[in-house]
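The annotation substrate binding site is assigned in TrEMBL to Asp21, Phe22, Asn23, Arg36, His59, Leu60, Gly61, Arg62, Arg118, Arg151. The (2R)-3-phosphoglycerate binding site annotation in TrEMBL covers Arg36, Arg118, Arg151. Sequence annotations record features per position, and here TrEMBL assigns ATP binding site to Lys201, Gly292, Glu323, Gly350, Gly351, Asp352, Ser353. Summarising the annotation, TrEMBL assigns phosphoserine to Ser183. The phosphothreonine feature in TrEMBL is assigned to Thr299.
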Amino acid sequence: MNKKTLRDIDVKGKRVFCRVDFNVPMKDGKVTDETRIRAALPTIQHLVEQGAKVILASHLGRPKGEVVEELRLTAVAERLQALLGKDVAKADEAFGENVQKTIDSMNEGDVLVLENVRFYPGEEKNDAELAKAFAELADVYVNDAFGAAHRAHASTEGIAHHIPAVAGFLMEKELDVLSKALSNPDRPFTAIVGGAKVKDKIDVIDNLLDKVDNLIIGGGLSYTFIKALGHEVGKSLLEEDKIDLAKSFMEKAKKNGVNFYMPVDVVVADDFSNDANTQTVSIENIPSDWEGLDAGPKTREIYADVIKNSKLVIWNGPMGVFELDTFANGTKAVAEALAEATDTYSVIGGGDSAAAVEKFGLADKMSHISTGGGASLEFMEGKELPGVVALNDK
Ligand SMILES: Nc1ncnc2c1ncn2[C@@H]1O[C@H](COP(=O)(O)OP(=O)(O)O)[C@@H](O)[C@H]1O
Ligand SMILES: O=C(OP(=O)(O)O)[C@H](O)COP(=O)(O)O
């Protein structure tokens, strides 16, 4: 990486403003998945061990510039305290006189969690004054919030223009894994793109077609491609205005010598529920009143074979409606194939795919599960991440 990291600086006795992504799922005031907190621990522990005064900043949810009681970071700070096994203080604001006083009284190795930075309208606007106010709290800025690196906000981008700014260990690892995957991939290199957000995934498919040996299309995306082949898709998810683009991707795959895989059979249902009537049909025979919700058995077999013969697989988006057990088999087949392919380096791109491997109990069998959904997608699209660009060059 051409950006400075924690390894390049001495933090002893320094006040370090460390942006993390503690935007974790919450229910009834409790953290329900602490993956993102755990992922930031190596950086936080390093700062503690090196004798920094550790000031942690994060957003939680989308409070839109107002104080929202349920989105305070108090419960998150408590989880962090338990995971770190040391006291963690929590401020009720993210900058200003009171926060300054608290910081003035910190000792080396102390940890303070600031309040949700999105309680202030200036955060998402990347307001220069707010960025300066954050910078005044500290001597050094560390960005470890890979999940928010695609946002140009005051605490992810603006602040980096005021004090020395470096990447944390999680940020470094995420960027290393993803850039190695894309720039110098082990081959055969396979990308699996599924899920439902057809529009959001179009750019990533285009970019991947310049890099991969195999492209697998699955999930809700498939039906736009099935339609592009001239077949009817019944009530399945379809983006009418992307049919021509789907055709052009199939042509680009051929031109680039990329092996292109899409379902040959699908599981269709007469209702979007676990007790729906279902049948497996070939893609030429989707009944008009039915909806395709999962990959069929032949498709699963083909996908599993491609995966097992790959050296590197990046996967973004489930192969079916895995939240409903009846339609989880396609996603499960891909997750299991990745788990069994011990010679294959697997990178799971955030959001629902990460939730799916977690649900199947296979998370620890994956080589890398990214903490950023949107961020990893934008990276794979070839876009620059503002939170990274703003850091100091090596
Ligand atoms: N055939 C399908 N029809 C409708 N929804 C689908 C289908 N296949 C997958 N999905 C849904 O896609 C959603 C995930 O899509 P998306 O947000 O694009 O993925 P990710 O969050 O991994 O990027 C899941 O909730 C899943 O139920
Ligand atoms: O959860 C996040 O994004 P993700 O769901 O795309 O991984 C990040 O914390 C960014 O949050 P945001 O999309 O509200 O800016």
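Each residue, glycine too, has its Cβ placed from N, Cα and C.
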In the same chain, which residues outside the set Asp21, Phe22, Asn23, Arg36, His59, Leu60, Gly61, Arg62, Arg118, Arg151 have their CB within 8 A of the centroid of the CB atoms that define the substrate site? Ser58, Asn116, Gly147, Ala148
Here the binding-site residues are Gly61, Gly292, Gly351; which one has the lowest number of other Cβ atoms no more than 10 Å from its Cβ? Gly61
Other CB atoms, at most 10 A from the CB of the residue listed as 'phosphoserine': 8
Rounded Cα-Cα span from Asn23 (substrate binding site) to Lys201 (ATP binding site), Å: 23
Quick one: of the binding-site residues Gly351, Asp352, Ser353, which has its CA closest to the CA of Arg36 ((2R)-3-phosphoglycerate binding site)? Gly351
Between Arg151 ((2R)-3-phosphoglycerate binding site) and Gly61 (substrate binding site): CA-CA distance (Å): 14
I'd like to know which of the recorded positions listed (Asp21, Asn23, Lys201, Thr299, Asp352) lie near ligand 2, counting only a CB under 6 Å away. Asp21, Asn23
Which residues does Thr299 (phosphothreonine) neighbour through Cβ under 8 Å, counting only same-chain ones at least six apart? Gly218, Pro263, Val264, Asp265, Val266, Gly330
Assigned conformation of Gly292 (ATP binding site) - DSSP reduced to three states: strand
Of Asn23, Asp352, Ser353, the binding-site residues with C-beta less than 6 Å from an atom of ligand 1, in sequence order, are Asp352, Ser353
